[in-house]
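*Asks:* Sharing a structure, written as structure tokens. Questions coming.
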Amino acid sequence: MDKGLHFMFCVITTMLLLRESSQTGEKNDPKMLAEPNLILGPEESLPTLTVTTILEDPYVMVRSAELEGYCIDLLKALAAMLRFSYKVKVVGDGQYGAVAPSGNWTGMIGEILRQEADIAVAPLTVTSAREEVVSFTTPFLQTGIGILLRKDTVSQEMSFFHFLAPFSKETWTGLLFAYVLTCFCLFLVARLSPCEWNEPKNEENHFTFLNSLWFGAGALALQGVTPRPKALSVRVIAAVWWLFTITLLAAYIANFTALLSSGSEQLPIQTFEDLVKQRKLEFGTLDGSSTFYFFKNSKNPTHQMIYEYMDKRRDRVLVKTYQEAVQRVMESNYAFIGESISQDLAAARHCNLIRAPEVIGARGFGIATTQVSLWTKKLSIAVLKLRESGDLDYLRNKWWESSCLHKSRDRWSPLQPQALGGLFLTLAIGLALGVIVAMLELSNKSRRAAGHVKKSCCSVFTEEMCTRLRIKENTRQSQETSGRANA
């Protein structure tokens, strides 16, 4: 009996020691960070972290007395991967974190420094000033600095030549060149073809160069004009030109309709330099934010002008919260300078808002911890694992999904020549074909005439070409001769 109890005691002791050793190995093994579906033990046995955050849509929001959003889902994924429990608190002063006049840090950075929180999971920008007092993980979201505007505050009256906007300058230049070239080919082919002009010395050719220009313009307006082509070669060129003009007019009407229904072409503020030059809108950013200090520390002259403008009008242009900024853009002549990724969401949720195209100051959102924290490296590795597995992309698509977002991406642009390259190529082939047919028609007549006059076909062909291309001179000479005879 004593031997049996002693044996059971040894077995139980050995199992406990092995279990403790296994748990210690799991904690020290980095590979265990990649296991997202670990079986958690009792919640009391897990380390508990105090997480500070800030209310900002869609990162953290209050729904039905509970917090939800991008950062909350990210926090859940990190907790499942690293096996810790957490309690979330909203930052007391509603600030992200900046140095106060007293020298102390405010916002989430200040709470971490005062050890009121262990980590900060929020849209907190990684900056050099913050990195000096806290540690940041690998960024979980990339962003930049953009300009949020209301569409009707930046719209401008259409220019006097707004009807030219559907096509780019290169397209209009190509169209003009195609028109002149086609009319010249009509004029040339009509003179060379004997089916269009049988006897140059006695007949009158109606396809003068001016008449050819009029014929081409009539086709552009979808109107039938005289003279009407008779020869096959001239009809080939006319038919290809009609096909060209019909397709071109369809493209013009479609692009002009899109232009009128789109607001992007009415956006005069495209860059930060445009924002500084205008006088209609006030502009500002979040008070104490990293964006404000970006312009303060920048050496760019335009950025310095923006900082001086905001610094002199602090009480009027700087806002306390992101929600206040969006509301002010919607209700007044105000442009908000802030994180581009947050502005994209605002433009998606409010269809009367739009973000200017230029984005500067590429940066990232990271998780802040104390400088001596053992969690910084673990969280960084976990963020990288989530990025590699596609979980971060899934969260981005989940919380940024909106019908307005797709509309705001539909940017109108003038039609470039590349889009009509096939059409111009078809016209060129048609013109070449028309000239070839005209030469064949003339050569056939020259061959028949050579048999009658007993000359070589080449000499008769050359004489026919010279006669047809110099008809004005011959006509003038014949008119002068007839005038002298009458006298």
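Cβ atoms are placed via backbone N, Cα and C, with glycine included.
What TrEMBL says about a protein is an automatic prediction, not a curated fact.
The shown structure was predicted, so the numbers you read here are calculated from the model rather than taken from an experiment.
Quick paste from TrEMBL:
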- 48-402: domain 'Ionotropic glutamate receptor C-terminal' (DOMAIN)
- 58-114: domain 'Ionotropic glutamate receptor L-glutamate and glycine-binding' (DOMAIN)
- P123, T125, R130, S290, T291, E339: L-glutamate binding site (BINDING)
- 172-194: transmembrane segment (TRANSMEM)
- 232-254: transmembrane segment (TRANSMEM)
- I269: site 'Crucial to convey clamshell closure to channel opening' (SITE)
- 419-440: transmembrane segment (TRANSMEM)
*Asks:* Determine, to the nearest whole angstrom, how far the Cα atom of E339 (L-glutamate binding site) is from the Cα atom of I269 (site 'Crucial to convey clamshell closure to channel opening').
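*Replies:* Roughly 17 Å, rounded to the nearest whole number.
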*Asks:* Residue counts in helix (H, G, I), strand (E, B) and coil for the domain 'Ionotropic glutamate receptor L-glutamate and glycine-binding' (58-114), per DSSP?
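*Replies:* Reading the DSSP string over the domain 'Ionotropic glutamate receptor L-glutamate and glycine-binding' (58-114) gives 20 helix, 15 strand, 22 coil.
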*Asks:* Limited to the domain 'Ionotropic glutamate receptor C-terminal' (48-402), I'd like the whole-number average of pLDDT.
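*Replies:* Summarising the domain 'Ionotropic glutamate receptor C-terminal' (48-402) by its mean pLDDT gives 86.
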*Asks:* Write down the Cα-Cα distance for I269 (site 'Crucial to convey clamshell closure to channel opening') and T291 (L-glutamate binding site), rounded and given in Å.
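*Replies:* About 19 Å separate the Cα atoms of these two residues.
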*Asks:* Where else in the chain does the transmembrane segment (419-440) make close Cβ contacts, counting only residues six or more beyond its ends and a cut-off under 8 Å?
*Replies:* 171, 174, 178, 181-182, 185, 188-189, 192-193, 231-234, 236-237, 239-241, 243-244, 247-248, 251
*Asks:* Inside 10 Å of the Cβ of I269 (site 'Crucial to convey clamshell closure to channel opening'), count up the other Cβ atoms and send me the figure.
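*Replies:* I269 (site 'Crucial to convey clamshell closure to channel opening'): 23 neighbouring Cβ atoms within 10 Å.
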*Asks:* As a test of the contact definition, list every same-chain residue at least 6 positions from T125 (L-glutamate binding site) whose Cβ is closer than 8 Å to its Cβ.
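*Replies:* The list for T125 (L-glutamate binding site) reads Y96, T143, S289, S290, T291, E339, R363, G364, F365, G366, given in order along the sequence.
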*Asks:* Including all protein chains displayed, how many Cβ atoms other than that of S290 (L-glutamate binding site) lie within 10 Å of its Cβ?
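*Replies:* Its Cβ has 23 other Cβ atoms within 10 Å.
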*Asks:* Sequence gap of 6 or more, Cβ distance under 8 Å: name the residues on the same chain that satisfy this around P123 (L-glutamate binding site), in order along the sequence.
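*Replies:* Looking at Cβ-Cβ distances below 8 Å from P123 (L-glutamate binding site), excluding near sequence neighbours, one finds I54, E56, Y59, C71, L141, E339, S342, F365.
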*Asks:* Tell me the Cα distance separating R130 (L-glutamate binding site) from I269 (site 'Crucial to convey clamshell closure to channel opening'), rounded to the nearest angstrom.
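*Replies:* With the alpha carbons as reference points, the distance is 32 Å.
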*Asks:* In Å, how large is the greatest distance between any two Cα atoms among P123, T125, R130, S290, T291, E339, the listed binders of L-glutamate?
*Replies:* 17
*Asks:* So around the L-glutamate site, P123, T125, R130, S290, T291, E339 aside, which residues have their CB within 8 A of the centroid of those CB atoms?
*Replies:* Y96, L124, V126, T127, T143, S289, R363, F365
*Asks:* Which residues in the same chain, at least 6 apart in sequence, have a Cβ under 8 Å from the Cβ of R130 (L-glutamate binding site)?
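*Replies:* Looking at Cβ-Cβ distances below 8 Å from R130 (L-glutamate binding site), excluding near sequence neighbours, one finds G97, I109, L124, F136, S290, A368.
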*Asks:* T291, E339: which of these binding-site residues has the sparsest Cβ neighbourhood within 10 Å?
*Replies:* T291
